[in-house]
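Student: Sending over a structure as structure tokens; questions will come in a sec.
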């Protein structure tokens, strides 16, 4: 019996096993086997291989290992093996790429980096429906392609309406988690066809966000060069004003964008460097999101994520004055400008229609803030305009033309500028030409004395005048060295001191030896000095275009004791949400505006009122050309005057139709000017010219500025007096109770005593007010 039952039991067992196998097969068909991404916190439970490089690629199926790029981008182990194994077809392709990468870059050159650089698909935005679509990785993503892309370029067999109605890939929404998306980024991504490549040829490409495999950037010649004159977006060896290092964040950027470190740094550099160069290439047009994204040729979903940060950087760089400055045309819809946190009941009132007030007004207006400018005079411009002058130019000298906003505005309005160069022949007031050797020796001595003063100031606390300090050091040098200077050499020293008095705006007897050069260690504008040959009024009028300006509106009182600010101007009264005071320092010191409550004392005691005046002369012929040749300026070393500051340097400001010279009066010579009529001053100037050039003629026209006596001006620019302290300019720029703000050259420690400083101070105060009114995220 038992022998017969055994086979039956065996048969039953085998039958049961067969049934289970059939069941497993059906279950396998019903439930596809998948492997989630093994990276911690990655949300991809069923990744999709973007590479599709191997014939064995799993697609969206099972693989023994997923390689993570971002939360929405992975490649399978089969595609990895395709490039990794030497017997596979992809190995030689990968090795060729690796050799190029190591030649021009110094970052990771793994299979993962290769996939990101060469295989990851591009994502582009439809210009009609604004949905993001993935395109074939072989597609040439050029600015032309991006500007014209529509959904039918991918969904070719559908109508335009049907293609745009197709749903967006679910992974697109993941990229819009601005702070969550980068957590899942596993390696660097780099830019192709970079527009800023010509500026950074002296840098390792991947250190500035450019793909080392991009051969298109290798066509440029070696060495850094400028694509456009007068614009330099990047700092190299020396710091440059309104320029940034192309391979790292500046200290100021780190304050606003601390999250961009490690592998995220390259993303920031890609955006910021592209923005800066786009501005340099065309200062007449606003840099917008659309313009920037046209030139960010980056593979992968992270290109979508970058758009969120492009907006942030555009706003930051605009507020700081790096881009979109001056009188650039404002587009109708600027997406990166955020709306006000609440409706603005009252405008920001700007007291003073000079270049500081107008730059603040222009910037705030562009940012969507309502403003009103109250100007005491009959016309805007302040010290930037020569009132009642018939000359076609104000003869403004700009020291350092690269990135300088005054030069930028001239370029925007096609106003001519003239480079002055380094040549400045020196003649005595008797016509003798001073040899270069003597000139260079005395200039070196003069600068050496100033350098010694700078070193001494590091250990000194007690202040004295710069004149006393220089005289002491000069005498000490002669006593210790035994070197005697002849009369001409002493006259040359006086010439250089006179130039310094012009720069300081005061006699050196009143200037602080400790702090006169307090901005020397701050980044300055580089490049040759230039002369603005056109009419500054054109610049000022354009700044004021579309802005509510009230001329002949002299402000006499500002009451900021309540929630709203009351501004009195004669019989009129205005209500303001904020006030920017951009009047000359002399007006504040004179108490012409009554503040309630009173301003802190340091607002009127920190700085001194400087005086410099200008003389313009027009002639029938350029009689000076034969002796000074191609130089655009020449100096007059005075031996006949008992004081410095009269007509030391002449600038040739001629245009094609008229021959003109300009010169300046500074220091103690200002007292002589006050005692003379304009005709007498012009005669003194012509006498000086006749002594240097025997065939000098009388001018057909002349103009003498008298800022010291002009109503509502009263000065040229400020200076740091003895015992003023190191924070004199910073004290002037501090706002009062976040209600009263201050602009003007006297409030800008980096660029004091200049029109540039006045302009930049207006931009600075506009940023403060914008951030106060807007919830900037």
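Every residue gets a Cβ built from N, Cα and C, even glycine.
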Student: According to TrEMBL, 375, 376 bind FAD; so which of 200, 204, 555 is the extra one listed there?
Tutor: 555
Student: Under TrEMBL, the annotation region 'Disordered' belongs to which of these stretches: 1-27, 28-54?
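Tutor: It is 1-27 that TrEMBL describes as region 'Disordered'.
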Student: Summarise the domain 'CW-type' (117-172) as counts of helix, strand and coil residues per DSSP.
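Tutor: Summed over the domain 'CW-type' (117-172), the classes give 21 helix, 8 strand, 27 coil.
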Student: Over all shown protein chains, what is the count of other CB atoms within 10 A of the CB belonging to residue 555 (FAD binding site)?
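Tutor: I get 26 for this one.
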Student: Show, in sequence order, which residues other than 375, 376, 555 on the same chain lie with their Cβ within 8 Å of the centre of the Cβ atoms of the FAD site.
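Tutor: For the FAD site, the extra neighbours are 351, 352, 353, 374, 377, 550, 552, 553, 554, 569, 583, 712.
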Student: The record lists 375, 376, 555 as binding FAD. What's the largest Cα to Cα distance among them, in Å, rounded to a whole number?
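Tutor: Between the outermost Cα atoms of 375, 376, 555, the distance is 8 Å.
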Student: Cα-Cα, whole number of Å: residue 375 (FAD binding site) versus residue 664 (substrate binding site)?
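Tutor: For residue 375 (FAD binding site) versus residue 664 (substrate binding site), the Cα atoms are 27 Å apart.
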Student: Return the count of C-beta atoms lying within 10 angstroms of the C-beta of residue 664 (substrate binding site), excluding that atom itself.
Tutor: 24
Student: Would you count the other C-beta atoms found within 10 angstroms of the C-beta of residue 376 (FAD binding site) for me?
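Tutor: There are 23 of them.
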Student: What does DSSP say about residue 375 (FAD binding site): helix, strand or coil?
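Tutor: DSSP call for residue 375 (FAD binding site): coil, neither helix nor strand.
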Student: On the three-state reduction of DSSP, what should I expect for residue 664 (substrate binding site)?
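Tutor: DSSP assigns residue 664 (substrate binding site) to strand.
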